[in-house]
Amino acid sequence: MSVQTTIKRKTAPDIRARKGGDPIVMLTSYHAHTASLVDRYCDVILVGDSLGNVMHGFETTIPVTLEMMILQGHAVMRGSQHALVVVDMPFGSYEASKEQAFHSAARILKETHCGAVKLEGGVRMAETIAFLTERGIPVMGHIGLTPQSINTLGSFRAQGREEGSWEPIEADARAVADAGAFSVVVEAVAEPLGRKITETIAIPTIGIGASAACDGQVLVLEDMLGLSPRTPKFVKRYGELGPGIEAAIKGYAEEVRSRAFPGPEHVYGMKAKG
């Protein structure tokens, strides 16, 4: 008789229930290996469309495809066991209609086995969020600075810093919550606005350049590890892995060129005749 241990993975309702409780910890991951490390300490792993910047070197997230998100989402699911895995819906996969959004989100859930999707937009996407949640697809919202809107925003700048600019962002937060999202990312907004949104909506807010008062925080893994050449103001670098990785690669290259590697301990001898 075999004994099987069931490992419970966090769900969207688990995260929703954290409103006003212990802060929610979230990081991005795009690979099975990094997912296995992040999974030990985080409640949520976001397979962000930021993979376009981090993995592929795109200037924006606009070129990212649904197929890219599904491939990396599946990898992160294989590498993790405990955290809720949320996969971003890329630009062009959900905006045209509620039906398009459903088909894209259903593909993501079916092909990656993740627990939720994330999409950008507030009031304008509320109907779509409701359509998805009513059909069994958990949705994480995303308001404030929305990177997929770079071509209309003109630049990646913080939102809500001017007098009288709060109301549209507050309306977005209310719309996302009322539509049934289980949580919402609030990106790059004035700190008092991030705090106010957190205090006034019923779902958890996950800040990225918003406020310490948010119900949770998220960063891009490579940014906080010191692997990105440029980091936004809201990023704290918890490591400086870039120089260490470069030193390791340099050491390897030097030893290969000098024939110091591989050494005797790294090669195979003949088996003794028996």
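Using N, Cα and C of the backbone, Cβ positions are placed for all residues, glycine too.
Database features, via Swiss-Prot:
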ACT_SITE  Glu187  active site, proton acceptor
BINDING   Asp49, Ser50, Asp88, Lys118  3-methyl-2-oxobutanoate binding site
BINDING   Asp49, Asp88, Glu120  Mg(2+) binding site
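Known features from Swiss-Prot, placed on the structure.
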residue: Asp49; record: 3-methyl-2-oxobutanoate binding site; Cβ within 10 Å: 28
residue: Ser50; record: 3-methyl-2-oxobutanoate binding site; Cβ within 10 Å: 20
residue: Asp88; record: 3-methyl-2-oxobutanoate binding site; Cβ within 10 Å: 29
residue: Lys118; record: 3-methyl-2-oxobutanoate binding site; Cβ within 10 Å: 23
residue: Glu120; record: Mg(2+) binding site; Cβ within 10 Å: 25
residue: Glu187; record: active site, proton acceptor; Cβ within 10 Å: 24
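Cα separation, Glu120 (Mg(2+) binding site) to Ser50 (3-methyl-2-oxobutanoate binding site), rounded: 13 Å. Comparing Asp88 (3-methyl-2-oxobutanoate binding site) with the residue listed as 'active site, proton acceptor', their Cα atoms are 15 Å apart once rounded. Cβ atoms within 8 Å of the centroid of the Cβ atoms of Asp49, Ser50, Asp88, Lys118 (the 3-methyl-2-oxobutanoate site) belong to the same-chain residues Thr28, Leu46, Val47, Gly48, Leu51, Thr61, Val64, Met69, Val87, Met89, Pro90, site residues excluded. The 3-methyl-2-oxobutanoate site in the record is lined by Asp49, Ser50, Asp88, Lys118, and its two most distant CA atoms lie 12 Å apart. Each residue contributes its Cα atom, and for Glu187 (active site, proton acceptor) and Lys118 (3-methyl-2-oxobutanoate binding site) those atoms are 13 Å apart.
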